[in-house]
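Asks: I grabbed these lines from Swiss-Prot:
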- 1-22: signal peptide (SIGNAL)
- 24-73: domain 'UPAR/Ly6' (DOMAIN)
- C25-C50: disulfide bond (DISULFID)
- C28-C37: disulfide bond (DISULFID)
- C43-C73: disulfide bond (DISULFID)
- C77-C93: disulfide bond (DISULFID)
- C94-C99: disulfide bond (DISULFID)
Amino acid sequence: MASRWAVQLLLVAAWSMGCGEALKCYTCKEPMTSASCRTITRCKPEDTACMTTLVTVEAEYPFNQSPVVTRSCSSSCVATDPDSIGAAHLIFCCFRDLCNSEL
């Protein structure tokens, strides 16, 4: 009786582990303002991170333009050091649903 209960418990545990939902990220393939990049995408199972790439920021007066970004799902997101000098584009990674909305 105990072994039958244990088998049922294992089957339920195995089933529930396989039912996890994929990560959801905001995505936009083309660079656009941060406020405009709001498409929600269910990522592939191998994607483990949401990635935001900062493409440009206005560097001249009046400094009121929104940042231009791309956002995507990523299976191997490698963030750039925000203090790095000369980086072509800053890359930010996060690891929960819809976490890449800021910037």
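For all residues, glycine too, the Cβ spot is worked out from N, Cα and C.
Remember, predicted model here, so these are calculated numbers, not experimental data.
Tell me about the surroundings of these features in the structure.
Replies: Note on the domain 'UPAR/Ly6' (24-73): DSSP counts are 0 helix, 28 strand, 22 coil.
Note: C25 (disulfide bond) has non-local neighbours I40, T41, C43, D47, C50, M51, R71, S72, C73, D97, L98, C99, N100, i.e. same-chain residues 6+ apart with C-beta under 8 A of its own C-beta.
C28 (disulfide bond) has a Cβ environment of 18 other Cβ atoms inside 10 Å.
Of all the Cβ atoms in the protein chains shown, 20 others lie within 10 Å of the Cβ of C43 (disulfide bond).
Here C93 (disulfide bond) comes close to A49, C50, M51, S74, C77, V78, A79: these same-chain residues lie at least six apart in sequence, with C-beta atoms under 8 angstroms from its C-beta.
Taken residue by residue with DSSP, C94 (disulfide bond) is part of a strand. Around C94 (disulfide bond), the same-chain residues at least 6 positions away in sequence with a Cβ under 8 Å from its Cβ are A49, C50, T52, N100.
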Asks: Since the record lists C37, C50, C73, C77, C99 as disulfide-bonded residues, which of them has the fewest other Cβ atoms within 10 Å of its Cβ?
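Replies: Looking at the disulfide-bonded residues C37, C50, C73, C77, C99, the Cβ with the fewest others within 10 Å is that of C99.
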